[in-house]
Amino acid sequence: QVNFVVCQLFALLAAIWFRTYLHSSKTSPFIRHVVATLLGLYLALFCFGWYALHFVIQSGISYYIMIIIGVENMHKYCFVFALGYLTVCQITRVYIFDYGQYSADFSGPMMIITQKITSLAFEIHDGMFRKNEDLTPSQRCLAVRRMPSLLEYLSYNCNFMGILAGPLCSYKDYITFIEGRSYQLQQSEANGKEETKYEQTDPSPNIAVAQKLLICGLSLLFHMTITKTLPVEYNIDDNFRATASWPVRFFYLYVSLMAARPKYYFAWTLADAINNAAGFGFRGYDKNGGTRWDLISNLRIQQIEFSTSFKMFLDNWNIQTALWLKRVCYERATFSPTIQTFILSAIWHGVYPGYYLTFLTGVLMTLAARAIRNNIRHYFVESPAVKLCYDIITWMATQVAISYTVVPFVLLSVKPSFTFYSSCYFCLHIASILVLLVFPLKRTQKGSKKHESIQPVWSKKLEEENLLQKNSYSTTNNSFSQKQEITCRYQALKQ
């Protein structure tokens, strides 16, 4: 943990230096790629020793697969290899070396690299094999039209800004940042018209970085002072279970899981600040003309803590992973997309049994919450006072349901997880099943408009915001003119 924090602080300083002295206006993309890659591999070597070779091996073999297999099927082979290699490394780390501990946890960065390998493979497949009319607007504008070079591939996977904690970004956004091409900004005027502007100089990220570092400091302080006094393991303490009343137990469940979140706030916000400090992550301007540096942000803390539905929580927690799961699994699944997506998420997270218990429980909770929302919410939105009461009740229910669901994720093992659930008499599992039996669940439409009709577990609002944030796209195929690229972007914005 100390190594991680030291390396991320070094990466922050390196990002400031990178933006100041290796700005795209001062040096070539080749130099920027080389420096970003070498710094990333150095940080990985410092943190994990020779385990860092796994990053190069996984990326190198995946690139070789892309070259020899061809664009028709390479996305399948890359997906199976990258996820399989990650799983093998997780099994050896967990069950051979250090069960339940996080020393030399080189699988963390490999999780991010696996996301990049698989998402890029699908984007190349979409751009070089599938017909344009068969793609969704999101897939069309993320599609990569030429094979990246080995240097570009390694730079994307192993750059110093994201090698330790991510977050995931699209290949086209990363290449646009490295090559320093101007931002295309879509701004809505007061009269509702849209105008296209071209930003000649990069806006300063200093204010955004300072704000995110302040959040990091507060999160770290909270983690070091409060989290230690509210251990999640106390939920399965024999004396506590025997003496505490149900309201007290559920209240402690909520506060103990809330106290466990700041370490993620710290890590993800610091990673976001590092990318911003390097000049990466600019999303555009809001309606008031303010800059937005949340292109690759991984969480929205306020929306997480005040979420009034299971879906709202998932929309704002680990955002880039949610988008990855949607793009590589949910949108492409031929049956039971929600179940397949949760299973993939569990496999990607690791091999601890608690992960699978959490995500299997999450399937039930998500489907039940969706059924309740679809069937009863419209009765409570007419009156503001009634809606306020409804929101308060759903906030309380959501926070308890989330905490109940993720307890095995923290406890990791089967026995303590089942101890917790059995002490609660599996109450929310049973309640979710009863909800699904009582309330009809709307089926997703199939057919030619499959991708337009489905309502994923991660909201369409998040997808729309993600499309709006694509302020620049890489013209990776010389045969595609800038006009075509702008047209693609405009269609995505309209969608």
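Using the three backbone atoms N, Cα and C, a Cβ is placed for every residue, glycine included.
Note: TrEMBL annotation is automatic and uncurated.
Summarising the annotation, TrEMBL assigns transmembrane segment to 34-57 (among others). With a cut-off of 8 Å between Cβ atoms, the residues of this chain six or more beyond the transmembrane segment (34-57) that come close are 3-4, 7, 10-11, 14, 18, 22, 85, 89, 104, 106, 109-110, 113, 151, 154-155, 157-164, 178.
Under the heading transmembrane segment, TrEMBL lists 77-96 (among others). A Cβ distance under 8 Å defines the sequence-distant neighbours of the transmembrane segment (77-96), meaning residues of its chain 6+ beyond its ends; these are 54, 57-58, 61-62, 65-66, 69, 104-107, 110-111, 113-114, 117-118, 121-122, 328, 347-348, 350-352.
Summarising the annotation, TrEMBL assigns transmembrane segment to 354-372 (among others).
Annotation comment: TrEMBL describes 392-414 (among others) as transmembrane segment.
Residues or ranges marked as transmembrane segment in TrEMBL: 420-441 (among others).
Using a Cβ-Cβ cut-off under 8 Å and counting only residues 6 or more beyond its ends in the same chain, the transmembrane segment (354-372) has close neighbours at 309-311, 314, 338-339, 342-343, 345-346, 398, 401, 404-414, 417, 428-429, 431-433, 435-436, 439-442, 457.
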